[in-house]
Amino acid sequence: MMAEREEDDEEEAWLRLRPVEPLPSQCCGSGCSPCVFDLYQRDLARWEAARASKDRSLLRGKVSQSCPSELSPETFMAFRISAVDKLSKDTYLVRFALPGNSQLGLRPGQHLILRGIVGGLEIQRAYTPISPTSAEGYFEVLIKCYQTGLMSQYVKSWRVGDTAFWRGPFGSFFYKPNQYGELVMLAAGTGLAPMVPILQSITDNAEDETFVTLIGCFKTFEGIYLKAFLREQALFWNVRIFFVLSQENSPEQLPWSYQDKTRFGRLGQDLVDELVGSCRRKPFALVCGSAEFTQDMARCLLSTGLAEDAYFLF
C-alpha cells in the first residue's frame with residue numbers, strides 16, 4: 001500500500017513538471033524559428049525522455065556556454081526602458097538600455113519577439129529595432145499601438161525604468177554590401193522599421209555603392225515617421241525617397257521640399273511600374289506593411305516583370 005502511494009506521488013510529481021502547451025496568443029505569427037511551439041515540443045520531448053528514464057537531471061538539457069546576458073532566440077532577456085518618445089497619437093519610439101557599450105548583435109532588418117502579459121494572458125509580437133546595428137549601449141524600437149490591441153495595452157503602460165522581455169534575433173533576409181544593384185523599399189506605416197537599419201548600413205559604409213529607392217506610405221504628412229532621419233538619408237548620392245499619402249490630396253499644403261516627391265492616394269501598379277522602371281540598376285525589392293499591403297505589392301512587383309526571387313516580403 002505504501003509503495004503504491006509512493007508511485008502515485010511520483011507520477012503526480014512528474015505530471016507537475018510536464019511542459020504547458022502555449023496558447024495561440026503566445027505565438028507572434030511571424031514564422032520565427034524557433035517558434036514558441038517549437039520550444040514547447042523540444043521541452044516536451046525532453047520531459048518524456050526524463051520521465052522514461054526517471055532522471056530529472058535530463059530536464060535541464062545541455063548547459064549553455066554562452067554569456068547569460070547574451071541575446072537568445074530561445075530565452076527571453078530583460079532590458080530596461082531608458083526613454084519613451086511619443087511620435088504620434090498611437091506610435092512610440094522606445095529606447096532600451098544595453099550593458100555598458102555592448103551591441104545588440106542583430107543584422108540589418110532582423111527582428112525580435114516581445115513578451116507581454118495583460119490580464120494574466122501572455123502575448124508575443126514581433127518588432128524590428130530601427131537603431132543602427134552598430135549602436136552601442138542601446139537599441140530602439142518603433143511601435144504602433146491599436147485601440148483594441150492587447151500588446152498595445154502593455155506598451156502604453158511602459159514608463160522609463162520599467163523592464164521588458166525580448167528574445168531573438170529572427171529573420172531570413174540578410175543584407176550584404178553591394179549584393180544588389182538597387183534596393184526598392186516599399187514600406188507602409190511602421191513597415192518602415194526594417195528598412196531603416198538596412199538603409200543606414202548602406203549609407204554608413206563608404207564601400208557600399210548600392211542604390212536605394214524608398215517609398216514610404218502614410219495616411220498624412222504629419223503621420224510620416226522619422227522625417228529628420230529620412231531627410232538626411234535623401235542627401236546621399238545613391239538614395240531616392242518618395243512618399244504616398246492616402247488621406248491628403250493637395251501638394252500646395254506640403255512643405256516645398258516634399259511637393260515633388262509626394263504622391264496622393266494609394267501605392268498601386270502605375271507608380272510601382274514607374275519606380276521600378278526608373279531604377280538605375282537591376283532592382284531587388286523589399287516589402288513591409290500590413291498583410292493586405294504586402295500581398296498587393298507582391299502582385300504589383302510580379303506585374304512589372306520582377307521574378308519571385310527578386311523581392312523579399314518581411
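Quick reminder: no glycine exception, Cβ is built from N, Cα and C everywhere.
Quick look at what TrEMBL annotates:
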BINDING   ARG125, TYR127, LEU142, LYS144, MET151, SER152  FAD binding site
DOMAIN    74-176  domain 'FAD-binding FR-type'
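Neighbour count (other Cβ atoms within 10 Å of the Cβ, all protein chains): 22 for ARG125 (FAD binding site). Site extent for FAD: the farthest pair of Cα atoms among ARG125, TYR127, LEU142, LYS144, MET151, SER152 sits 13 Å apart. Each of LEU114, VAL141, ILE143, CYS145, GLY149, VAL155, THR190 belongs to the same chain as ARG125, TYR127, LEU142, LYS144, MET151, SER152, is absent from that list, and has a C-beta within 8 angstroms of the C-beta centroid marking the FAD site. TYR127 (FAD binding site) is surrounded by 23 other CB atoms, counting those within 10 A of its CB over all protein chains shown.
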